[in-house]
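Report on the structure given below.
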Amino acid sequence: MLSVAILAAGKGTRMESSIPKVLHKISGKSLLQRVIDSCVELNPDQIFVITGHKSKEVQESIPDNKKIHFVIQEPQSGTGHAIQILCREVKKNEGKLLVLNGDVPLITPETLKNLLNLHDSKNADVSLITTKKKNPHGYGRVFLKGDFIERIVEEKDCNNQERLNLLINAGVYCFNWENLSEIISTLQSNNNQNEIYLTDTVSMLKNALSLEIEDNGELQGINNRIQLSKCEEIIQNSIKEKHMLNGVTFINQASCSISEEAEIGKDVIIEANTHIRGSTKIFNSCVIGPNTFIENSNIGLHCEISNSTVYDSQIMDHIKVGPYSHIRPKSKIYSYSKIGNFVEIKNSQLEEESKVNHLSYIGDSIIGRSTNIGAGTITANFDGQKKHQTKIGKNSSIGANTVLVAPINLGESVTTGAGSVITKDSKDNSLAISRTKQVNIDNWERKKP
């Protein structure tokens, strides 16, 4: 039986934040969720997330999972205290117990599996991950005696000689839970921190083993924004390298960010300062950017999107968007259409070969095939209480600076006069025009201020 305990009770004072440390995000996913995801790959029987500071907020951040249980640690009196509470609350302390911190987002399932395999192969009481650091400041030092761990001394309890030891404790343990439960209650807070250390169990158990791995950044804990930024960079580099090997070109890739869920086709060019978020899918041969933000959207073949934002929408094939366009949620732009500069589209459908080239707002609308929307066109869709729909048939031409007051339905091949305010439906093949007569007053003299 395999159980996992994730320590996530701390406040994270050095983050200088009102957000619990484990809820800070890297590439759109919290530190805690990343640790949970790695642990789920081990197929454990149960996962215990030990919370404390803002416990409700932490618990609500985790999607429902029958295997995940929450244990509250109050007060937060150290890692050993957290496991003392866990052992008291769980009736059956049996099998293996994997313990790790909730702030090690780069830990991989492969490393955790290697630790479990070592533990099983040597029938150990406790096994833990260690690594050698050139600058071990802040980490507990691990002291070996032959093949076994003799003791662990926390940084603040080390003397000058002990601080010279470069082998550090990564804070990832695998225990024989039954043996651990027999000694865990005896731990005391006799140290400079006045906390109960889980590391004290190592010297109390007979068979303590070390899995030493290379210091490749995987074990980096997050205690401040600098470390958070470094982990973000590591993950982003990994994501972008994967896409580049699959045929994607990045122009100034350091300025771009890509979500892990995003799918990007071959021969796509991602220009500078472009950010792809959520479950976005971009098909082959597109040019995205520069200065573009796309979230949870599908972008078809041979599209060009520059200096624009696209949220929760579908852009089909051979479409140009931008510069400075804003495609808002629930919009669908069909193939060979064009969305030009300073255009906002919201909850609307534009069928094939439609064009909205300049300075327009299209909201809650259905625009027919091969329809041209003139510069400055506004769909007035809100009456102060609710939104209304605008429908325009195919092959229509909406004149510049037209206001379409919804609800309204214009037929096929309808033309509207420039500067019109259209409030009534129009039939197929009609001209709709509504404007006051121009009056010219001769010899007009402007009043001077």
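In case you wondered, yes, glycine gets a Cβ from its N, Cα and C as well.
His358 (active site, proton acceptor): 15 other CB atoms within 10 A of its CB, across all protein chains. Among the features that Swiss-Prot reports, active site, proton acceptor is placed at His358.
The UDP-N-acetyl-alpha-D-glucosamine binding site annotation in Swiss-Prot covers 7-10, Lys21, Gln73, 78-79, Gly140, Glu154, Asn169, Asn223, Arg328, Lys346, Tyr361, Asn372 and rests on sequence analysis. In this structure, Asn223 (Mg(2+) binding site) belongs to neither helix nor strand by DSSP; it is coil. Cβ-based neighbour count (10 Å, all protein chains) for Asn223 (Mg(2+) binding site) stands at 16.
The Mg(2+) binding site feature in Swiss-Prot is assigned to Asp103, Asn223. Annotation note: Asp103 (Mg(2+) binding site) sits in a coil segment as assigned by DSSP.
Arg435 (acetyl-CoA binding site) falls outside any helix or strand according to DSSP and counts as coil. Sequence-distant neighbours of Arg435 (acetyl-CoA binding site): residues of the same chain at least 6 apart with a C-beta under 8 Å from its C-beta are Gly417, Gly419, Ser420, Val421. Sequence annotations record features per position, and here Swiss-Prot assigns acetyl-CoA binding site to Ala375, Ala418, Arg435.
The region 'Pyrophosphorylase' feature in Swiss-Prot is assigned to 1-225. Per-residue pLDDT, averaged across the region 'Pyrophosphorylase' (1-225), gives 95.
Cβ atoms under 8 Å from those of the region 'Linker' (226-246) belong to residues 15, 24, 26-27, 105-106, 217, 220, 253, 256-260, 264, 266 of the same chain, restricted to positions at least 6 beyond its ends. Annotation comment: Swiss-Prot describes 226-246 as region 'Linker', evidence class sequence analysis.
Under the heading region 'N-acetyltransferase', Swiss-Prot lists 247-449, citing sequence analysis as support.
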Cβ-Cβ neighbours of Asp103 (Mg(2+) binding site) (radius 10 Å): 26
To see if you understand the setup: which same-chain residues, six or more apart in sequence, place their Cβ under 8 Å from that of Arg328 (UDP-N-acetyl-alpha-D-glucosamine binding site)? Tyr311, Asp312, Ser313, Glu344, Ile345, Lys346, Asn347
Whole-number Å only: compute the distance from the Cα of Asn169 (UDP-N-acetyl-alpha-D-glucosamine binding site) to the Cα of Asn223 (Mg(2+) binding site). 16
Distance check, please: Cα of Lys21 (UDP-N-acetyl-alpha-D-glucosamine binding site) against Cα of Asp103 (Mg(2+) binding site), rounded to an integer number of angstrom. 8
Compute the C-alpha separation of Ala9 (UDP-N-acetyl-alpha-D-glucosamine binding site) from Ala375 (acetyl-CoA binding site), stating it in Å without decimals. 56
When each of the binding-site residues Leu7, Ala9, Ala375 is scored by other CB atoms within 10 A, the minimum falls on Ala375
Take the Cβ of Asn169 (UDP-N-acetyl-alpha-D-glucosamine binding site) and count every other Cβ within 10 Å, whichever protein chain it belongs to. 25
